[in-house]
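Okay, structure first, notes after.
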Amino acid sequence: AQDPLDFEWSYWIEWGRERILWLLAGHLLVSQMCRLFVQKYKPWCLMVYGMAACWFLLGIKGFAVILLYAAISFAVAQFQISLLTWLCSLVLLSTLRIPAVEEAKRKWYDTENEYYLLLFTVSVRCLFYTSFSLEYCWHGPAQKSSHSFLWMLAYVFYYPMFHNGPLINFDEFSKQMRKQEAFSLKTNLGILIVGVIRIFFWWCLAELMIHLMYIHAICSSSPLEAVSYWALGGLALAQVLFFYVKYLVLYGVPALLLQMDGLKPPALPRCVSLMHSFTKMWRSFDVGLHRFLVRYIYIPMGGSQSSLPGMLFSTALTFAFVSYWHGGQSYLWYWGALNWLGVIVENGVKRILSVSLIQDLI
């Protein structure tokens, strides 16, 4: 028997087996046909396929919600005010947590799993709306043709990243999607075979951990106060190692499809055992999310170029958004605050150690 208590793994594996893997295979077929015969129309063919897949999985109402959110976000972006765009994104995100709206959406589906699929998909889509709208605000009238509503839909409904990420910012996506390049079916087939073998190995490893280690069951059933610090440390390490292997699979599949489409996916998570700093962990675990946070929150708020209070504030705002986007429960605020503290302490120590007097002492 396997440890059933990692909800995320069980959930996505079940959906993958039932429908999502088949829809991803359909996307792969459409994209390769487009690259062979109609390269010029590839973004629009993939957009139509993504919309059809969304309609098939989430129904007409789920599809309408995603389309409506995109339209609202695009309309607000016309004012070209970044703050207004951010307020719109936060309001759209907050609608996912209104009890009456939640209940209404639950009634659209026969099972909780279908409702959760809509919830997860819309949460990830909110990052995509925000990325497109902010890029729209920052670009002049000369570039407006490449920031049309049609391009927004091509970005939002691009299927490999649709339900769970990873995230690519709109400027990177559109630049790469426009690129006309030589295409070799033989080369792509080689990439696909190697990629599938690697993902299959990671999946087997994750299943082995789920069937043999029972990390989540131990954490939820044992009184952890009675456990020694060494055992707690081991459990914590086992949790993050499983989390790492899990995301090699969950991000590895879309990353492979991105490669097959001629796009450059964000780097896959780096092994947590090689990490020794908070900053590095944030930079190299979810690379797409890190780039989003830096480009749209950290740098616009001043980032490392501002004064010390400014840097503290922009970092705090970044972690506050991450906590809110993940669900905004109290434990997530504690998690965000501890991460913020870790990054601040680490950067503070680095600054102290870079002073020439301290360097001479060392």
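Residue numbers in this text run from 1 along the chain shown.
Positions of Cβ are set from backbone N, Cα and C atoms, glycine also.
In TrEMBL this protein carries:
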type	residues	note
TRANSMEM	20-38	transmembrane segment
TRANSMEM	45-69	transmembrane segment
TRANSMEM	75-94	transmembrane segment
TRANSMEM	115-134	transmembrane segment
TRANSMEM	149-168	transmembrane segment
TRANSMEM	189-215	transmembrane segment
TRANSMEM	227-250	transmembrane segment
TRANSMEM	308-326	transmembrane segment
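Simply put, out of 115-134, 149-168, 189-215, 115-134 has the most Cβ pairs sitting under 8 Å from the transmembrane segment (308-326). By the count of Cβ pairs under 8 Å, the stretch nearest in packing to the transmembrane segment (20-38) among 45-69, 75-94, 189-215 is 45-69. Highest Cβ contact count with the transmembrane segment (75-94) among the listed stretches 115-134, 149-168, 189-215, 227-250 falls to 115-134 (criterion: pairs under 8 Å).
Sequence-distant contacts of the transmembrane segment (227-250) (same chain, at least 6 residues past either end, Cβ-Cβ under 8 Å): 6, 8-9, 12, 164, 199, 202-203, 205-206, 209-210, 213, 215-216, 218-219, 268-269, 271-273, 285-286.
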